[in-house]
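Participant: From TrEMBL, here are the annotated features:
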ACT_SITE  Cys74  active site
ACT_SITE  Cys74  active site, proton donor
ACT_SITE  Cys199  active site, proton acceptor
BINDING   Asn13, Asn65, Gly75, Asn76, Asn171, Glu189, Arg190, Gly200, Thr201  substrate binding site
Amino acid sequence: MKIEFYKYQGTGNDFILLDNRENMYSNITPRQVNFLCHRRFGVGADGLMMLSEKPGFDFEMTYFNSDGNTSSMCGNGGRCIVKFASMLGIKKTNYNFYAVDGAHEAEIDLNGEVRLKMKDVDDVEFSYTYYVLNTGSPHYVKSVPDVNQLDVVAEGREIRNSKEFAREGINVNFIETIDDDTIYVRTYERGVEDETYSCGTGVTASALISAHNDNGFNRVEVKTRGGRLSVEFEKISDKKFKNIWLCGPAEMVFKGETKVSI
Ligand SMILES: N[C@H](CCC[C@H](N)C(=O)O)C(=O)O
């Protein structure tokens with residue numbers, strides 16, 4: 001099958017994007033997605049997304065991890081697919097698209113950065129030294145003194161495959177507090193089974209549990225290996241957050257075409 005693809009990255013979290021408005025790629029298989037995402041034999045990416053028509057919405061986003069399986073919401077992917085929609089000619093100031101966790105609003109600001117509204121968070125579990133919460137994808141969040149000293153892949157893989165999380169899997173975030181409003185996050189991602197340069201839903205989860213203002217509006221700056229993001233939100237309680245916006249750059253890297261026969 002001939003595939004025309006676009007490569008995007010959002011703070012180093014990189015994706016293959018397919019224009020599926022004519023339903024050309026709806027039958028793509030996990031093996032084909034896994035091959036396309038392979039860093040040596042394929043195009044190479046953390047994940048693949050299809051943009052499809054959806055009545056009542058500007059488009060529908062379908063997300064696959066690089067292991068080839070569809071998965072939960074991808075925050076950086078959501079930011080990239082909005083830039084992709086604009087490039088395709090779906091020109092808006094405010095977008096409203098449908099994803100696996102429901103409807104998302106998004107806007108492209110004057111600097112070309114994308115603000116993506118994330119789903120509300122209604123539950124945060126805290127046990128001993130870590131938090132577990134779902135920001136569209138499930139996240140484990142742990143504070144550490146120095147994230148650069150950490151073997152994120154080894155430690156993240158062990159937690160992701162531990163008895164508590166092995167069945168569903170979980171994304172594992174290690175955070176270091178830089179100052180009152182800034183954190184540094186490194187993430188081991190489920191379904192990529194490696195550290196990614198940033199993880200949008202992970203950055204969001206990490207920012208929520210780092211809120212400086214215990215009641216009301218917060219803005220947390222987040223440093224990642226792939227660049228800087230910010231998360232704005234209202235903290236209602238330690239377990240409830242709403243009006244959550246993930247903000248940052250999302251750029252097209254190249255366009256290409258390839259063939260997949262498998
Ligand atoms: N790997 C995640 C989905 C992608 C999340 C990440 N790329 C983001 O930007 O939110 C999972 O299977 O839960």
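Every residue gets a Cβ built from N, Cα and C, even glycine.
Please treat TrEMBL annotations as automatic predictions, because they have not gone through curation.
Owing to the predicted nature of the structure, the values given are computational and were not obtained by experimental measurement.
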Participant: Look at the recorded positions Cys74, Gly75, Asn171, Cys199 and tell me which residue has the greatest number of other C-beta atoms within 10 angstroms of its C-beta.
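Facilitator: Of the recorded positions Cys74, Gly75, Asn171, Cys199, the highest Cβ count within 10 Å belongs to Cys199.
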Participant: How would DSSP class Arg190 (substrate binding site) in three states?
Facilitator: coil
Participant: List the residues in the vicinity of the substrate site, defined as same-chain residues other than Asn13, Asn65, Gly75, Asn76, Asn171, Glu189, Arg190, Gly200, Thr201 with C-beta within 8 angstroms of the site's C-beta centre.
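Facilitator: My list of surrounding residues reads Asp46, Gly47, Cys74, Gly77, Ser137, Thr187, Val192, Thr196, Cys199, Gly202.
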Participant: What whole-number value in Å do you get for the largest C-alpha pair distance within Asn13, Asn65, Gly75, Asn76, Asn171, Glu189, Arg190, Gly200, Thr201, the residues recorded as binding substrate?
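Facilitator: Between the outermost Cα atoms of Asn13, Asn65, Gly75, Asn76, Asn171, Glu189, Arg190, Gly200, Thr201, the distance is 15 Å.
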Participant: Considering the binding-site residues Asn13, Thr201, which residue's Cβ sits among the greatest number of other Cβ atoms within 10 Å?
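Facilitator: Buried the deepest by this measure is Asn13.
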Participant: Taking the Cβ of Arg190 (substrate binding site) as the centre, count every other Cβ atom within 10 Å, in any protein chain shown.
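Facilitator: A 10 Å sphere around the Cβ of Arg190 (substrate binding site) contains 23 other Cβ atoms.
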